[in-house]
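Enquirer: As annotated by Swiss-Prot, disulfide bond applies to Cys295-Cys328, with the evidence given as similarity to another entry. According to Swiss-Prot, the domain 'LRRNT' annotation covers 28-66. For Gln19, the entry in Swiss-Prot reads pyrrolidone carboxylic acid. According to Swiss-Prot, the sulfotyrosine annotation covers Tyr20, Tyr21, Tyr23, Tyr30. Per Swiss-Prot, phosphoserine is recorded for Ser304, and the stated evidence type is a large-scale study or a structure entry. Taken from Swiss-Prot, the feature repeat 'LRR 2' covers 91-114. Here Swiss-Prot flags 117-137 as repeat 'LRR 3'.
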Amino acid sequence: MNVCTFTLVLALVGSVSGQYYDYDAPLFMYGELSPNCAPECNCPHSYPTAMYCDDLKLKSVPMVPPGIKYLYLRNNQIDHIDEKAFENVTDLQWLILDHNLLENSKIKGKVFSKLKQLKKLHINYNNLTESVGPLPKSLQDLQLANNKISKLGSFDGLVNLTFIYLQHNQLKEEAVSASLKGLKSLEYLDLSFNQMSKLPAGLPTSLLTLYLDNNKITNIPDEYFNRFTGLQYLRLSHNELADSGVPGNSFNISSLLELDLSYNKLKSIPTVNENLENYYLEVNKLEKFDVKSFCKILGPLSYSKIKHLRLDGNPLTQSSLPPDMYECLRVANEITVN
């Protein structure tokens, strides 16, 4: 099947995607090493509160001297954390432990909750089977992706927690529903690549970004997303959604800017709000284009704000698109169709 892209105005240069959050190391120039540093690690003199211990084949957390606020321990062989590992640095703010061998049973006591200034805790790519805890109230960013997590502990009292990354785990909807409902500051939640067959109940209504792609979700409860009055980015691609499992106004959310429903089993285009800008519907079973899915009425001031629309990989063809589509989607930059 040949796929062609036709442009209504001008094709945007660059890719279109949702909101991703990139937390790189603090920016600085490497220079003379600080004397306040573990001998096997790197503490640049120009940024003396950061200690880099990446790629050293460490089997345990090294001695961390007082004054360190940003600690990087990526790509090692650390398989345990003693309860006293961070006693000298109770004002630690970032703790990055990605790509190690950590298991829950070998993370001792209240090693994290003692860090009263901790804002970022990253333990991606380890061997965790449940979430870690207890955690300090100061925590803003928790990343536990690419583990084997099937159980979430309590997140009670984490009033500042804003970002949670749980993709590529073994979570089912029951585990999620029981743990996250009290997080009133949560804005970003990634639950993609898990084992959910239903949408989890009780997710925080404060969410701006919600990723649920690559699960086994078959239906959406009526008015499920209406509670999320600020939701902007929603991904449900690579699930098992069919028309019978999607109530008529499931995605008619005025705040929504991007919706990804690609790689499902939809035969008709779900109705969306006129404020939506990016809509991904490729590789479904769409047979017709209904303008009313985008525009309830047409007029000089009534039109869709869609900029990018993907319809390729469906039975729908360019020749079957209705003429009034162009009036409804008048500000679109790019529409991709077979």
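Glycine too: its Cβ is placed from the backbone N, Cα and C atoms.
Note that the structure is a prediction, hence the values are computed from the model and not measured.
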Enquirer: Rounded to the nearest angstrom, how far is the Cα of Ser304 (phosphoserine) from the Cα of Cys328 (disulfide bond)?
Expert: 6
Enquirer: Distance between the residue listed as 'phosphoserine' and Cys295 (disulfide bond) at the Cα atoms, whole Å?
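Expert: The residue listed as 'phosphoserine' and Cys295 (disulfide bond) have their Cα atoms 6 Å apart.
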Enquirer: How does the repeat 'LRR 2' (91-114) divide up by DSSP, counting helix, then strand, then coil residues?
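Expert: Per-class counts: 3 helix, 4 strand, 17 coil.
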Enquirer: Please compute the mean pLDDT of the model over the repeat 'LRR 3' (117-137).
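Expert: Averaging the confidence scores along the repeat 'LRR 3' (117-137) gives 98.
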Enquirer: Let me check the 10 A CB neighbour count of Ser304 (phosphoserine). How many other CB atoms are there?
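Expert: Around the Cβ of Ser304 (phosphoserine), 25 other Cβ atoms lie within 10 Å.
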Enquirer: Can you break down the repeat 'LRR 3' (117-137) into helix, strand and coil residue counts using DSSP?
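Expert: Taking the repeat 'LRR 3' (117-137) as a whole: 0 helix, 4 strand, 17 coil.
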Enquirer: Do you know which of the disulfide-bonded residues Cys295, Cys328 has the most other C-beta atoms within 10 angstroms of its C-beta?
Expert: Cys328
